Every structure is written in structure tokens, then in C-alpha cells.
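Student: Please find one structure pasted underneath; my questions will follow.
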Amino acid sequence: MHPELLLRTILFLPFAGFLLLILSGKKVDNGAGWIGLCFSLAGLGLTTWLGSGPLSSVSFVWFELKEAFRFGFQVDILSVRMLLLVLFVASLVQLFSIEYMREEDGRYRYFAFLQLFVGSMLGIVLADNLLILYIFWELVGVSSYLLIGFWYQKKEATAAAKKAFLVNRVGDVGLALGIFGVWHRFGSLDYAVLSAAAPDTYLTVIGLLLFCGTIAKSAQFPLHVWLPDAMEGPTPVSALIHAATMVAAGVFLLARIFPILTPDALAVVATIGAMTMLMGAVYALRQTDIKKTLAYSTVSQLGLMVLAVGVGAPQAALFHLFTHAFFKAGLFLSSGSVIHSLHHAGHGFDAQDVRIMGGLRKKLPVTFWAYTICAAALAGLPLTSGFLSKDEILHEAFTLTAHSWKIIFPVTALVSAGLTAFYMTKQWLQVFWGEWRNPMLGFAHVHESTWLIKTPLVLLAGLSTAFVFSLNPLGDHFSPWVAAGSVAVAAAGFGLAWARYHGGVVRNEKELPLLDPLYDVFFVAPVLKAARASAWLDRVVIDNAVILSAKAQVVLAHLAGWTDRYLVDGIPTGIAWLSGWIGGMTRRMQGRAAQSYVIVAVLGLAVLLIWWTW
Amino acid sequence: MLQELTHILQSVPGLTPELWLIAAFAGVIAWDLIDRSEKGSAFHAVTAGILLITSWLVIRQWKELTPGFLFGRMLVIDGKSLYFKLFVLLAGLITVLHSWLTGRKWSGEFFSVLIGLILGLLVLAMAANLLTVYLSLEIVSISSYILTAFRGDRKSAEGGMKYVLFGSVSSGLMLYGMSLLYGITSTLDFLNPAFTRALVETDPLVSGTAVLLAISGLLFKISAVPLHVWNPDVYEAAETPVASFFSVAPKAVAFLVLMRFLSVSLVDFQPVLAVISLATITVGNFSALWQKDAKRLLAYSSIAQSGFVLVGLTAFSELGLQTVIFYLGAYLFGTMGSFYLVDVLSPGRSRNDFTISGFDGLGRNQPLAGVMLTIALLSLVGIPMTVGFTAKLFLFSSLWDGYQLSHSGLFLTLFVFGLFNTAVSLAVYVRIPFALFFRPERAEGQGIRLSPAQLLLGAILTVPVVLLFLRSDWLFNWISRL
């Protein structure tokens with residue numbers, strides 16, 4: 001098949017799936033997951049085919065308006081890898097969801113939105129300029145909003161969806177301004193023209209504005225607040241969107257715009273990344289919700305990727321993006337498996353609270369092993385994929401920042417690696433080791449779910465080992481000092497956690513204060529105040545003006561009424577009579593027929609147009 | 001400034017027939033309002049007189065006026081616009097006579113609205129600017145809505161309402177297309193070379209969309225697929241003379257504007273026209289096959305005939321455009337003749353009921369009228385000895401020439417399917433003559449007697465059908481000089 005046609009088909013498939021599912025409605029609830037899975041698997045197959053052909057030459061113009069807006073898509077090695085990643089994880093997540101969402105109403109919506117998300121994500125990956133990226137960027141935001149709020153009966157879910165959407169808007173404003181700036185500076189939005197030939201303050205500002213998009217989408221400080229709340233959505237969604245793919249789009253964007261990031265901009269990027277990384281890790285220490293720990297861990301890992309770009313190692317960042325996608329999706333799906341099993345065993349307790357779990361390795365062996373491998377990868381233990389990518393970042397970072405103040409960044413990364421090992425060990429111990437601590441549920445009732453759940457776990461755990469990415473399990477850029485350091489730090493984190501929590505002990509720990517109250521004070525409250533002030537203005541000033549003008553109008557109306565009575569009374573009476581007459585005539589007219597005429601005509605024109613201009 | 005004023009003043013004589021019609025429009029309303037007495041058929045006579053005077057004014061323009069633009073390129077006067085003005089006036093005159101001879105009684109508004117409709121068509125025939133196209137097309141549409149609903153019964157009001165709804169949608173589409181065109185070219189003056197140039201430089205997707213939307217209002221008027229659905233309902237709802245006028249005059253002028261517009265837009269519109277034409281012919285013919293009502297049958301037939309005219313537009317050569325004009329001339333006599341004779345022969349005329357079975361055996365009762373109706377219908381099929389044959393012959397030969405030039409498969413498809421459809425259409429039209437001559441007579445048809453005046457109008461309409469076949473060069477030479 002022609003590569004261009006292939007590309008169009010890959011991009012078109014998920015949107016077709018979305019339309020098919022959303023239009024079919026409730027009656028396809030039972031088969032919705034399988035339909036969605038077929039679409040994603042077909043996309044995956046086609047992408048493999050595409051990746052086996054020549055890559056650099058495949059690009060096409062969507063359409064052109066006086067050469068100003070070239071809407072195109074491109075394929076290079078990065079986008080093919082991203083395509084495979086998105087479609088692969090999406091397929092597993094859909095397989096998982098078939099079982100996980102089995103008892104939900106409106107599954108057709110769920111799977112349709114997943115398709116919409118996949119389509120939008122593919123658009124981001126394939127875009128060859130910033131405008132296209134922006135369009136799909138927004139679409140991704142919409143589908144994320146729809147999926148977080150899937151359980152719209154739950155107040156927390158709708159609030160979280162709203163929060164995610166609004167916070168992302170803040171970043172999008174920056175991104176849009178940055179795109180305007182790129183247009184102004186380069187006269188084009190294609191990635192190809194982006195270059196920092198002459199770094200100056202203006203370019204720094206543009207770079208930072210574009211970075212705002214990353215801050216919001218990849219949950220960087222200070223806009224990270226939406227991601228933990230987004231865990232209100234279904235767990236498979238968290239795995240796909242809020243761990244593996246969408247949140248990584250910010251890092252992907254950074255890699256694409258890397259050429260125009262000036263040294264100053266990169267310093268800011270690295271600082272934000274470091275802060276996010278450290279903060280996410282610290283928050284993760286004290287979480288009691290199985291998914292929230294993972295959410296903060298995602299924040300922290302995204303911070304690490306951003307930091308990697310900030311110190312000048314985008315390749316390492318993208319490598320970590322890939323490995324992270326697999327092991328974090330694996331972790332989320334494992335937690336989903338735990339939640340699902342507990343839900344099925346009984347009700348009336350919080351199935352996500354690790355304080356009332358324990359000893360589950362005996363009942364959920366597959367989940368346990370998958371979780372263990374993925375957690376080891378997250379902690380960066382040797383022989384896992386996480387070790388490879390984290391070490392590459394550290395290695396590059398130390399090399400690039402040696403002899404400058406920036407050495408603080410890799411050092412921070414080491415510290416947070418220790419914290420990561422600590423909180424993952426803690427959660428691992430509390431969930432799978434020790435005694436069963438939930439008095440409301442008999443331990444005997446808990447059992448592993450079906451193959452639909454187990455298959456994705458096994459595959460993702462397999463992909464979290466080092467052998468998938470490199471034949472040498474220690475990595476190609478192996479540098480003994482860095483590796484030794486990071487392993488030592490991880491071992492220290494593990495040891496401390498073991499000492500404190502072994503046997504799955506639960507300690508009474510206070511939760512850390514969140515940033516949200518600060519936002520309430522500094523942003524929400526002023527906005528509300530401004531709203532109240534404008535309400536007051538409206539009530540006192542504008543209302544009175546309206547009343548005054550109303551009085552004036554009454555006076556005028558009397559004048560007009562006089563004119564009306566004596567001069568033009570005939571016309572309205574006549575019109576009233578006429579409309580009454582027409583109404584009587586057409587009362588039983590087949591309105592439907594007239595409507596269908598119009599639909600036939602407009603659809604006919606549309607078909608003609610498409611055929612003609614194709 | 002002064003120069004512009006002078007230009008405007010100089011343009012006024014070009015508008016004499018239209019100014020006269022505006023005065024007549026107001027005069028008819030005023031007369032009806034002031035003199036409330038029963039006027040019988042006086043309105044018919046007066047309107048016929050008005051139209052005759054207008055025709056005389058147009059003929060005078062032909063002899064005296066030099067072709068050119070009026071009112072700063074808003075309107076254009078040339079041979080084609082004058083020919084189509086005469087065409088419209090002739091159709092109007094036939095409509096008035098038709099209504100008069102079938103003894104229809106109308107209030108004065110009917111005639112003033114009819115005059116308004118004709119006024120709109122005359123302006124549309126001269127329109128050289130998207131603005132004037134839109135405005136005059138709206139005059140035509142609004143007057144048509146009123147005329148459709150004029151019978152005043154439920155069916156007619158329903159038809160009128162459907163017409164309004166559908167008409168406003170297509171008018172909206174058209175306006176949207178025009179605003180896109182304005183956005184692309186920053187001018188509304190579509191005969192200006194700058195318009196063409198800007199259009200050619202634009203991406204074909206954009207310019208194609210704009211052009212197709214902009215002509216959708218015209219496609220609506222000529223009832224081309226997919227904007228044809230209103231046609232049968234409206235014709236069925238309207239009184240027969242009105243339907244007869246609708247099927248000829250607005251269509252012809254819309255074709256003129258379409259020709260003007262497409263000749264400058266230079267977009268590669270032939271494929272899309274070919275498809276529209278093919279679809280229109282097929283839909284019209286095959287739907288007509290199943291009709292039980294003669295007026296609905298003629299409505300679908302007029303859709304199919306529009307499709308045939310589009311064949312000539314698709315060929316789009318000098319010869320193609322001339323054959324289009326010729327075809328429209330032939331079509332005027334065939335269609336208006338059929339409508340008129342169906343109307344006078346039908347026993348259910350007063351009930352607006354034109355079931356084909358109502359015509360059973362009438363041909364043996366009224367042989368002259370029956371033969372004339374058969375001739376008119378055969379002309380619509382395109383059987384030799386009628387002008388319809390000549391017109392179709394010209395049409396398909398110009399299409400064949402086009403095919404020889406371009407070797408486009410689309411042209412060949414259109415050619416083959418067009419001929420095939422011509423054959424099918426015989427089955428459509430022959431149903432009425434069959435009923436007229438080969439069916440046993442019915443009781444309700446016994447009382448039908450045509451007056452000599454009615455027969456005379458029938459003859460006036462059908463004699464040219466044969467005459468123009470024998471001497472087609474009369475009309476064709478005239479057209480080729482336009």
C-alpha cells in the first residue's frame with residue numbers, strides 16, 4: 001500500500017471507530033470493547049507495516065490556503081515509535097477494560113471516547129507543524145475530560161474532569177501565544193524551520209510560552225494539581241492517558257521544539273522539572289490511596305523527563321518516556337486488577353485504600369509478579385528497563401552539567417530516585433505482604449480475575465525488563481560510577497522502607513499539605529471577588545441605568561402607542577390574521593417531509609463536494 | 001464623482017422595461033385597492049397589455065442600445081440578456097392567456113405578484129454582479145412562494161410553505177458560497193478578470209466549495225439533483241398556469257446566469273456538472289415513471305429536462321451554449337403546451353385533480369386537442385418531426401464534440417446514459433396519449449368541450465413545435481448572432 005494512504009488510514013481508523021461506537025449507542029455495549037480493540041489492533045498492524053518502509057519521505061499536505069497554512073503530517077522514526085507505543089498500550093488497555101468495565105452502563109461511550117483519545121494522540125504524534133499539534137492537543141484534552149468524567153454521577157469525578165480541563169486551558173493559552181510567537185519569528189509553523197540560530201530574549205520567551213503547554217499537559221509544577229484528582233476516572237484510563245501517553249505528550253512537544261530552546265529557557269525547564277520531580281516523590285511518600293501514589297509517582301517521573309530535556313538530553317528523555325509508558329501502565333493496570341478483585345469480593349469499603357489490604361501475593365500471584373517487575377523498573381533496579389533509561393538520563397546529565405552549577409539537577413534526580421524506591425517499596429509491602437487487614441471482607445473471597453486482565457499485565461511486565469530494549473542488560477552507555485550511585489540510592493530507599501514497613505505495617509502518618517489551598521487563596525478567591533464586584537456593579541449601576549432607560553422607553557411607548565393606534569393599526573391586525581390563516585392551513589402539514597427535503601439536499605451537496613474536490 | 005453620476009444617468013435608459021414594470025406593479029395594486037368592483041377578466045387583459053408593452057420596450061432596446069455594463073458593472077446588457085428577457089415575457093404572456101382562457105378568477109394581487117416575478121427575472125437576466133444575482137433571485141423566489149400558495153387551500157399552503165423552507169435553505173447556502181467567493185477574490189463583480197484570476201490562484205478545494213455553494217441557489221431554481229425535491233410538491237400545489245410558468249421562465253434565466261458564472265470561474269466544474277446532469281436526468285425520468293398525476297409527471301419531466309440542458313452546459317463550448325439556448329426555446333413550447341393542454345382537457349381542473357386516468361378516452365372526444373397534446377409531449381421526448389428532436393440532436397452532438405476534444409470518460413458516460421434516458425422517457429410521456437386514445441371513455445369526461453379560443457392558444461403553442469423542426473435554422477441563426 002502507498003505510504004501516504006497507509007498514514008491516512010492509520011489516522012482515520014480511530015476516528016471511524018469513535019463515530020461507529022458513539023452512533024451505535026447502547027445496543028453495542030456488549031461488543032464495544034472488542035470493536036474498539038479491533039480498530040486499535042488494525043492500526044497497530046498498519047503501523048508496523050508503515051514502519052518497515054522508507055520513513056523520511058512520507059508526508060502529505062492536508063490542504064493549503066494561499067500557502068499560509070500547510071496542514072501536513074509526517075513520519076519519522078520518533079513518530080513511528082510513538083504510534084506503536086500509543087496503539088499497543090491502547091490495545092492492552094482496551095483488552096483490560098473489557099473485563100474491568102464489564103458491569104458498567106454506557107460502555108459504548110467509554111470505548112468510543114478511548115478511540116477518540118487514540119485518534120487525537122496519533123494526530124499529535126504525526127503532526128508536522130505546531131498548528132496541527134495544537135488542534136490535536138485540544139482534542140486530547142477533550143477526550144481526557146470526557147474519560148475522567150465518565151462516571152458523571154460521581155460528584156468528585158465531574159469536579160476532577162472540570163479541574164483537569166480548566167488547568168489545561170491555562171497551559172494552552174501559553175502554548176497558543178508561543179505558537180503566535182513562532183509564526184511571528186519564523187513565518188511558518190513547521191518543525192523543520194525551528195532553529196535557534198540567533199538565541200535572544202524573544203526566543204527564550206517563545207520557548208517558555210510553548211513550555212507552558214508541557215507544564216499543563218505533563219502535570220509540571222505549578223500546574224500538576226489536576227493529575228492526582230484525575231484518578232477519579234476509570235483505572236484503565238489512568239493507565240493509558242494519565243500515565244503512559246497523554247501526559248507524555250508534553251515531553252514529546254519539548255523534544256520537537258528542542259532546537260529553539262535557548263540555554264536560558266533550558267535552565268528554566270530543568271528547574272521546573274527538578275522541582276516537580278522532587279515534589280511528586282515527596283507527596284507520593286504519604287499517600288494511602290493505591291492510585292494516588294502512582295499518580296504522584298507519574299508526576300515525579302514526568303519531572304525527571306522534563307529535567308532531562310532541560311539539561312540537554314532529549315533523546316534520553318524520550319527513552320525514559322518509552323520505558324516509563326510500559327512499566328507505569330503495568331503498575332496502573334496491576335492496581336486496577338487489585339481494585340477489581342476486591343470490588344468483586346465484597347462491598348462497603350474503600351477498595352483503593354492500601355491500609356486495609358495486605359498479603360495479597362497469595363491470592364493474586366500474577367498481579368503480584370507483574371507489579372513487582374514494574375515497580376522494580378520504576379525504582380530503577382538493574383535488569384529492568386527503568387534502570388537503562390534512568391541511568392542514561394543520569395549519565396548524560398552528569399556529563400553535560402559537570403563543572404557548572406547545574407550539577408544540582410542530576411544530584412536532585414539521584415535523591416528522588418531514592419525516594420521513588422522508598423515509596424514503591426512501601427506500597428509493595430503494604431499491598432502484597434503481611435496480614436490481611438480488612439475486617440469487612442473475608443480473605444478467602446479474593447481471587448485473581450480472568451485472562452482478559454492477566455494478559456495485559458504479563459505483556460507489560462515483560463516489556464519492563466531490560467532485555468526488550470537492549471541486549472546488554474546494563475545498557476550501552478553504561479558508566480560504572482553513575483550506575484553504582486543510582487543502585488546504591490535505590491537500595492538505600494528500599495532498605496529504609498523495608499525497615500519501616502516490613503510485614504506491611506501501617507503507620508499513622510499525616511498527609512502533606514497540598515498546593516490547592518494556596519490556589520484557592522491566590523487565584524480562586526480573587527476571581528470570586530472580582531465576580532462579586534462585577535455583580536455589584538451590575539446590580540447598582542447598570543440595573544439603574546436600565547431602569548432609567550426603561551422609564552424613558554415607557555414614555556416613548558406611549559407616544560408610539562398613540563401613533564400606532566391611529567396610524568398603523570391595520571398592519572399588525574392584518575399580519576396577525578394572515579399568520580393565523582397560514583397556521584390553520586399548515587397545521588397538519590408534514591413538517592418531517594420538509595425537513596427531510598432539506599437534509600437530502602444538503603447531504604447531496606456535501607457528497608458532491610467531497611467527490612469533486614477529493 | 002460627476003463622472004459617476006453621469007454614468008448612472010446614462011444607465012437609466014437601459015432599465016426602461018424594468019421601470020415600466022415597477023410602475024405597472026404599483027398601478028395594478030392601486031387599481032385593485034381603489035376600484036373594489038367586480039372586474040371579471042379585466043385584470044387578465046390589462047396584464048397581457050402590460051407584458052406586450054414591456055416586450056415592445058425590450059425589442060426597442062435591442063434595436064437602439066449598444067451592449068455594455070450599466071450602473072457600474074452591476075448589470076449587463078447584451079444580446080443574451082435581451083433574448084432571455086423576451087423569453088420570459090413570452091412565457092408570462094402565455095401564462096396570462098392560459099389562465100384567462102381556463103376562466104380562472106384571481107384578485108389583483110396575483111397579477112401584481114406575477115409582474116413582480118417577471119421583473120425579478122428581467123433583472124436576473126442582466127445581473128453581472130453577485131449582489132444583483134442574489135437580490136433578483138430573492139425577488140423571484142419570494143414572488144414564487146406567494147404564487148404557489150395562492151390557491152388558498154390546504155394543499156397549496158403546504159406546498160408554499162415547503163417551498164419557502166427549502167428555498168430559504170438553498171438561498172442561505174448560496175449566500176454562504178457568495179461570501180466565501182468574496183473572501184477569496186475581494187470582489188463581487190464576477191465578470192471581472194480579477195475575479196477569475198483570484199479564483200484560479202486559490203486551492204481547488206476552497207474555490208470548488210465556494211463555487212458549488214454559490215451556484216446551489218441556481219441549481220435550486222433549475223431543480224437539479226440534489227436540490228430538486230421541492231419541485232413536484234410545488235407544481236402539484238400551484239395552479240397549472242403558475243406551475244407552467246415556473247417550469248420555464250425562472251429555469252431559463254437561472255441557466256443564463258449559470259452560463260455567465262461558469263464561463264468566468266474557470267474552475268474545473270465539468271465533472272461535477274456531468275454528475276449533477278446525469279443524476280438529474282435519471283431521477284427525473286425514473287420518478288416520472290410511477291406518477292399517477294399528470295401534473296406531478298410533468299414536474300418530474302421538467303426535472304429531467306433540466307438535466308438535459310445541463311448536458312449542454314457540461315459540454316461548455318460555443319456550440320454547447322448555443323444549443324442550450326436553443327433547447328430552452330424548444331422546451332418552452334413543449335412544456336407550456338403540455339401544461340396548457342393537460343389543464344384544458346382535464347375534467348378535474350377545478351379540484352386541482354389531474355389524475356392520468358381522468359384523461360381516458362378524451363382524445364377520441366376531442367381529437368384536435370388530443371393530437372396537439374400528443375405533439376407537445378412527443379417534443380419533450382425528442383421524437384422526430386418535433387423541435388424536441390432537433391434540440392436533443394444538437395445537444396448530444398455538442399457533447400460528442402466535447403468528447404472528441406477531451407476524451408473524458410465522463411462525457412462518454414453522460415452521452416450513453418443520456419441517450420438511454422431519452423429512450424426511457426418515451427415510456428413516461430406516452431402514458432398520457434395512451435390514455436387519451438386507447439382507453440374507454442369515462443362519464444366525467446363527457447362534458448369536455450374546447451372553445452375555439454382555447455384551441456387557438458393550443459395551436460399557437462404546438463405549431464411552432466413542428467415548424468421549428470422543419471425550419472430550425474430560423475431560431476438557430478438568431479441565437480448564433482447573440
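Cβ from N, Cα, C; glycine included.
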Student: Look up transmembrane segment in TrEMBL and report which of A:203-227, A:553-577 it refers to.
Tutor: A:203-227
Student: Report, as numbers and ranges, every residue of the chain located at least six residues beyond the transmembrane segment (A:239-259) whose Cβ falls under 8 Å of a Cβ in that stretch; write 'none' if there are none.
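Tutor: Counting only partners 6 or more residues beyond its ends, the transmembrane segment (A:239-259) has Cβ contacts under 8 Å with 78, 82, 85-86, 89-90, 93, 96, 114, 117, 121, 124-125, 130, 133, 137, 140, 143-144, 147, 191, 194-196, 207, 210-211, 213-220, 227, 230-231, 233, 269, 294-295, 298, 302, 305-306, 309, 314, 317-318, 321, 324-326, 328-329, 331-333, 336.
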Student: State the non-local partners of the transmembrane segment (A:71-96) in its own chain: residues 6+ outside its ends, Cβ under 8 Å from one of its Cβ atoms.
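Tutor: Same-chain contacts beyond the flanks: 3, 7, 10-11, 33, 36-37, 40-41, 43-44, 47-48, 50-51, 55-56, 58-64, 111, 114, 117-118, 121-123, 125-129, 131-132, 190-191, 236-237, 239-240, 244-245, 252, 255, 318, 322, 325-326, 329, 333, 336, 452-453, 455-456, 459-460.
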Student: Verify whether three or more Cβ pairs under 8 angstroms connect the transmembrane segment (A:203-227) with the transmembrane segment (A:294-313), leaving out any pair fewer than 6 apart in sequence.
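Tutor: Yes, the stretches contact each other.
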Student: Just to be sure I understand, if DSSP states are collapsed into helix, strand and coil, how many residues of the domain 'NADH-Ubiquinone oxidoreductase (complex I) chain 5 N-terminal' (A:62-111) fall in each?
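Tutor: Residue counts for the domain 'NADH-Ubiquinone oxidoreductase (complex I) chain 5 N-terminal' (A:62-111) by secondary structure: 29 helix, 10 strand, 11 coil.
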